[in-house]
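Participant: What TrEMBL records for this protein is below:
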| type | residues | note |
| --- | --- | --- |
| SIGNAL | 1-19 | signal peptide |
| BINDING | Cys91, His225, His229, His235, Met243 | Zn(2+) 2 binding site |
| BINDING | Asp163 | Ca(2+) 2 binding site |
| BINDING | His173, Asp175, His188, His198 | Zn(2+) 1 binding site |
| BINDING | Asp180, Gly181, Asp200, Glu203 | Ca(2+) 3 binding site |
| BINDING | Asp201, Glu203 | Ca(2+) 1 binding site |
| ACT_SITE | Glu226 | active site |
| REPEAT | 303-352 | repeat 'Hemopexin' |
| BINDING | Asp311, Asp454 | Ca(2+) 4 binding site |
| REPEAT | 450-496 | repeat 'Hemopexin' |
Amino acid sequence: MYAKSVFCLLSLVCYSVSSQTIYVEPKSPTPEQLDFLKKYGYLPEVPPDADAAYTVSSMSEAVRKMQAFAGLPETGTLDDETKQLFKRKRCGVKDIESSSTSARSRRYILQQSWNKRYITYRVVNGSSTLDKSRVEELLEKGLAVWAPFGNLSFSGIEQGRADIQVSFVSGDHGDGFPFDGPGRVVAHAFPPPHGAMHFDDEELWGDNPEEDDEDVTDFFAVAIHEIGHALGLSHSNVKGSVMYPYYQTPVESLHWDDILGMQELYLQDQEETAVVTESPGSQTSLVPRFTKPGSDEDENYMPDLCMTNYDTLQVMNDKIFVFEEEWVWVLRDRHVMEPGYPKRFHDVFRGLPANITIIKTIYQKQNRNILIFSGQNYWEFDSTFHFIKKGSLSDYSIPDEVPELTTVFLSNYNNKTYLIEEERYWRYDESAGRMDERFPKEMSMWRQVPYPVDAAVVWKGDTFFFQGPRFWRFDNELVQAHEYYPLPTAQFWFDCESTSDMDRYITNDGP
Ligand SMILES: [Zn+2]
Ligand SMILES: [Zn+2]
């Protein structure tokens, strides 16, 4: 009770909005309940030791929001029904995105689609109670439920990197969102272009279990929800929708709210593109018909370098190149932007085919030529960006079955070129013009380095690896990443202030 009155003394709101505080239950939330409210976006995050900064009214408001989202009476107090919510099985993805994030970056982080119709998926493993082939069948069934509403087509692959990668993992599994053992959080998934879908392997996963069997979690019911995230949908507060965050069974089909979400993400753009492409001659007259409010804004849309995952980075001509979507930024030094950037990379690398819409793999050879890889081909430019020729991965003796390389870099340690495909890599000797023997090797040889890596660069003598919004520095002597990494890329490489929003984004690039 003493702590309680301190809350009130510190808070003017508490006294000035007395009507709100009348309903506040004398008991404060437990630390677990407080964590829940913060984790799912109902309470603004504060440093761990500053929980006392929450006022009674902000706490009550948070509880009210949580009740509203779950479809419970909005009492603002921790009644029994509300307390049950804290313990229920649910998805680990946030319910409410921080309101202080600007609308644009929020949309960017959350609401993006795959921007294509054909999407691949891969089941990496099964769970201890559900074998991989059954997981594949159930996932396929779930994808088939979503497909028609986005005019999408899914195909399963056995190897390599799929758009949607599905795996069973437990505890801390390396993405910054550790699972919590049996119960409560059972799964989470990342929106495009990440697309990973993780299921907590400590749950007892079942195939259509008895409805009253609380110990067993129905895989299909959870998978169909996580597919929604992997397609770019956020949580819905509409009870009965597939995107409702709490575990519910049985789920057979999409709710109108899920369908609306899919239309917004996939169908509107497809319709516009289809009509405009069909009549190229009359494009200008057609465009106004399809101009929606806000589309001017879309034309000027540019990703925020401080709040994103990066398609790739590379050091070329002793400058740092950063690629994200159709843009390239160039920095002379960390934090020092080259004037005139960002530019569209197609305006820099003229001669690159228009169907290359992002650059994920690029590097500069010893002779200073620049290679951009896409699929099984590469495009070679000189160091002043003049197009030279197109080549194929087979020029590097990369086997035909490799669909694409994820990262290529030239090591200053041994002057060899490392060609990385997701979980394995080859080493190429440029001066001898051949692949070194006994490759490929596993990426796990690079200890403490995450994979697949988005980028590997050599900067001022050090080797750095990048994945999502984070980077690692590699120690060539110890053959492992330095232990105080990863660090956030935005603040260490670009001119980005460290804000609480950004800190949250760095540890929160998905769920
Ligand atoms: Zn979810
Ligand atoms: Zn995960």
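The backbone N, Cα and C atoms fix where each Cβ goes, glycine too.
Because TrEMBL annotations are produced automatically, they should be read as predictions rather than curated entries.
What you see is a predicted model, and the numbers here were worked out from it, not measured in a lab.
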Participant: What mean pLDDT score does the repeat 'Hemopexin' (303-352) have in the model?
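Facilitator: So the average pLDDT across the repeat 'Hemopexin' (303-352) works out to 91.
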Participant: For the recorded Ca(2+) 3 site, whose residues are Asp180, Gly181, Asp200, Glu203, find every other residue on that chain with a C-beta no more than 8 angstroms from the centre of their C-beta atoms, and list them by sequence position.
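Facilitator: So the extra residues in range turn out to be Ser170, Phe179, Pro182, Gly183, Arg184, Val185, Val186, Asp201, Glu202.
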Participant: Around ligand 2, within a Cβ distance of under 6 Å, which of the recorded positions Gly181, Glu203, Glu226 show up?
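Facilitator: Qualifying residues: none.
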Participant: Determine which residues of this chain, when Cys91, His225, His229, His235, Met243 are set aside, have a Cβ within 8 Å of the centroid of the Zn(2+) 2 site's Cβ atoms, and list them as they appear in the sequence.
Facilitator: Val93, Ala189, Glu226, Gly228, Leu233, Ser234, Ser236, Val242, Tyr244, Pro245
Participant: Write out how many residues of the repeat 'Hemopexin' (450-496) are helix, how many strand and how many coil, based on DSSP.
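Facilitator: Helix/strand/coil tally for the repeat 'Hemopexin' (450-496): 5 helix, 21 strand, 21 coil.
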Participant: Counting by DSSP secondary structure, give me helix, strand and coil numbers for the repeat 'Hemopexin' (303-352).
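Facilitator: Residue counts for the repeat 'Hemopexin' (303-352) by secondary structure: 4 helix, 22 strand, 24 coil.
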Participant: Measuring Cα to Cα, tell me the gap between the residue listed as 'Ca(2+) 2 binding site' and His229 (Zn(2+) 2 binding site) in whole angstrom.
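Facilitator: Between the alpha carbons of the residue listed as 'Ca(2+) 2 binding site' and His229 (Zn(2+) 2 binding site) there are 13 Å.
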Participant: Which whole-number value in Å describes the distance between the Cα atoms of Glu226 (active site) and His188 (Zn(2+) 1 binding site)?
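Facilitator: Cα of Glu226 (active site) to Cα of His188 (Zn(2+) 1 binding site) measures 6 Å after rounding.
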Participant: Considering the binding-site residues Asp175, Asp201, Glu203, which residue's Cβ sits among the greatest number of other Cβ atoms within 10 Å?
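Facilitator: Compared across Asp175, Asp201, Glu203, the most Cβ atoms within 10 Å surround Glu203.
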Participant: For Gly181 (Ca(2+) 3 binding site), which of these binding-site residues sit within 10 Å, Cα to Cα: Cys91, His198, His225, His229, Asp311, Asp454?
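Facilitator: So the list is empty; none.
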Participant: Out of Cys91, His188, Met243, which binding-site residues lie by ligand 1, with a C-beta less than 6 Å from some atom of it?
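Facilitator: Checking each Cβ against ligand 1, the ones under 6 Å are Cys91.
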Participant: Tell me the Cα distance separating Asp201 (Ca(2+) 1 binding site) from Asp454 (Ca(2+) 4 binding site), rounded to the nearest angstrom.
Facilitator: 27
Participant: Give me the CA-CA distance between Asp201 (Ca(2+) 1 binding site) and Asp175 (Zn(2+) 1 binding site), in Å, as a whole number.
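Facilitator: That comes out at 15 Å between the alpha carbons.
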Participant: Taking the Cβ of His225 (Zn(2+) 2 binding site) as the centre, how many other Cβ atoms fall within a 10 Å radius?
Facilitator: 28
Participant: When you measure from the Cβ of Cys91 (Zn(2+) 2 binding site), how many other Cβ atoms are you left with inside 10 Å?
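Facilitator: I get 24 for this one.
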